[in-house]
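A.B. asks: First, the structure itself, so that you have it in front of you.
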């Protein structure tokens, strides 16, 4: 199922389709937003990855209750809006496609650093989260990601983080690892689109696309997604 306004998004020659079916999920998700992740190095903005976020259709009815009257600008500026996406009771799927080559260690250590920073700021960093971070780092330990390859995350409301890899932009049918830790599963997404998320462009895209979807007739009716 896809709505007319759910279109593909192209980020630096990487095209993310309107809908996908993640590995090991029976559900089809819609493309909620996408954008580049980069860093300002000296006087140049260096783009490292293209990030996209897909959501289960149930997300629309859940999020619209609080946010359907807000403008794109209001959503973009609201930390709570993105927090509701991160913690909402629906599945999420994220794809990170390389623009620049990265090693698994480079990628995973930066994500882990961001996750730990989030937990420490909230005072919720425990031994359980430290163990989950160790598992996360070990999944990426010996991997390399050339341009065009992808890392894929599926976040389940029950607290599992499923990790998959692809040599290109396609969605694999098999998974590489599953880590059972709710805080980690949410923190990986929060590190992308949360208060200090690494991709402001993806946040802007999410706010714009969801703002328009909320206003489409019937889109936020849970019965229309069955």
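Cβ coordinates come from backbone N, Cα and C, glycine included.
Below are the features I grabbed from Swiss-Prot:
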- 49, 114, 191: substrate binding site (BINDING)
- 107: site 'Important for catalytic activity' (SITE)
A.B. asks: So how far apart do the substrate binders 49, 114, 191 get, largest Cα to Cα in Å?
C.D. replies: 16
A.B. asks: So which other residues, same chain and not among 49, 114, 191, have a Cβ within 8 Å of the centroid of the Cβ atoms at the substrate site?
C.D. replies: 37, 110, 111, 188, 192, 197, 198, 199
A.B. asks: Taking the Cβ of residue 49 (substrate binding site) as the centre, how many other Cβ atoms fall within a 10 Å radius?
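C.D. replies: Looking across every protein chain shown, the total is 26.
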A.B. asks: Going by DSSP, is residue 49 (substrate binding site) part of a helix, a strand, or coil?
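C.D. replies: In the DSSP reduction, residue 49 (substrate binding site) maps to strand.
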